[in-house]
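Colleague: Marked as domain 'Glycine transporter' by TrEMBL: C:15-87, C:99-171. Summarising the annotation, TrEMBL assigns transmembrane segment to C:12-32, C:39-60, C:66-87, C:124-144, C:156-176, C:182-202.
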Amino acid sequence: MELPDLMMVRTVLPWLDIAGIAIFAISGALAAARREQTIVTFTFFAAVTGTGGGTVRDLLIGAPVFWIHDNRALAVCLFAALAVWMTPRRIWPVKALEWFDGVGLAAYAVFGSWKALAYGVPPLGAAAMGVFTACLGGIIRDVLAGEPSILLRPELYVTAAALSAGLFVVLTLLGAPLLPAAGMAALAGFALRALAIHRGIALPSYRD
Amino acid sequence: MELPDLMMVRTVLPWLDIAGIAIFAISGALAAARREQTIVTFTFFAAVTGTGGGTVRDLLIGAPVFWIHDNRALAVCLFAALAVWMTPRRIWPVKALEWFDGVGLAAYAVFGSWKALAYGVPPLGAAAMGVFTACLGGIIRDVLAGEPSILLRPELYVTAAALSAGLFVVLTLLGAPLLPAAGMAALAGFALRALAIHRGIALPSYRD
Amino acid sequence: MELPDLMMVRTVLPWLDIAGIAIFAISGALAAARREQTIVTFTFFAAVTGTGGGTVRDLLIGAPVFWIHDNRALAVCLFAALAVWMTPRRIWPVKALEWFDGVGLAAYAVFGSWKALAYGVPPLGAAAMGVFTACLGGIIRDVLAGEPSILLRPELYVTAAALSAGLFVVLTLLGAPLLPAAGMAALAGFALRALAIHRGIALPSYRD
């Protein structure tokens, strides 16, 4: 089912993928730490944040769920949960992690759209799959924690993922080669997220 | 995988389907408007409310998820989100929309059961699929918004969907032809919903 | 797709399975009773608690969802909802049910891992599937009810399921025969849960 392009990416970039899951998993475990939870909650939050978005994407496009047949993704999440659990929270560089999270956000938005296109999903659905891959893990984590998710805050987060995913799909439709399209799209989304982190720019809220 | 009956319905009724998704998507976007959210939240709520129930149904019965391979459903949701975003809330006829929503509720309950039967799902599961198709989008939206869902209110809403779905399955089991069974079942559910809207009738709550 | 072992278990233990679903469904319906809900909520909570964990497991491992093609599971959930609805809450022996729930927790953790292994899922994923089968129904119920789930409490619950699932997978990897491995793993998880119920032992919370 998988296209050669995807296979190549998987062979070339597996460590990048592991790094991305680790960043998301650490952010999940830190959310559990802020709430003074137990190691079970740490693990669940790490796993849901690290793998939730890609899980929903794979279910929706009919792909085998990526972490079910590969021990590495879950192992990374377990390890992230343990690492955060066994250390004082102040040693984790929250600001640096926010920047890494921004890189992961943009990269996964592109990767999710790419995988969806590779499975024959048409443009709008493929762009949505990119956004889901990048954002849904964090949203599920917040719902499980009973907290208002990023979805309900005006911060530019989902929007940055939408920019990366949408731009990648549009460039691909216009016939751009894979790697330049992916690079440009990821860069654009990351730039927008960087503005949000650095300058605090936000979306306007609806006023009646 | 799809049966001829379903194919025919899809060819004959595509615009009704689009209209149904639009009604649900508008109700999702209006929920975002009531909470003074951003366009991203509008879009997410419109898409989840418009497509969530059918998505869960398709995952459960093993069908390809209906909106993944068809740009139209997502396009309608995007358009509904933009339309509500760009207009003052008071121009939307909330009472009229509630009636349209009741029509959609009854119609989707029948459609969901029908599709499940067409996929070989036995009676109880098929009735449950009708209820899910009609109600689950709104329930997921409320969970994401951190609000008590329709599931926790005594209002007759899920019940109306259950009446339509259950009656359709029973009539089909009794050998009734497709279209009369669908019409009667949709009408019965809509009538019950109409009583709830018009007269405020509700289910009794459990008393200890 | 199913292995002979699983087929045998299904033939030998169908009534145990029905009993397990009934215990979980009753606990879901009692949660609705505590909140003084309507029969619709009773039914939804009974079905979600009774079948939710196995549903997510089957979706993730790519198995047909177990209750879709078998009327019995849903029928048991409906019956449990009705039984609780029609009786005063005090007749339900909450303490006894908690012990039965502990048996179900351990048994389903083993069963979920077993089914995942039978579908070719590697060890970490299979252990996760056991935990999901045992716990996720109750977690989804709590999220729908807008309550903090067991996931956020220090009580030993998810941990007991993790012990059963993990031990079963490890014993199987070490070449232990099926039934002794299943028995030992279920017993260990149940013993841990019994300590939690009887002595109130709990996991330590993270302190900054």
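Glycine is no exception: its Cβ is also placed from the backbone N, Cα and C atoms.
Since the structure is predicted, the reported quantities are computational estimates derived from the model, not experimental observations.
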Colleague: Compare C:12-32, C:39-60, C:66-87, C:156-176 by their Cβ pairs under 8 Å to the transmembrane segment (C:124-144) and return the stretch that comes out on top.
Modeller: C:39-60
Colleague: Sort the residues of the domain 'Glycine transporter' (C:99-171) into helix, strand and coil with DSSP and give the three counts.
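Modeller: Breakdown, helix to coil: 59 helix, 1 strand, 13 coil.
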Colleague: DSSP says what for the domain 'Glycine transporter' (C:15-87): how many helix, strand, coil residues?
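Modeller: Per-class counts: 58 helix, 0 strand, 15 coil.
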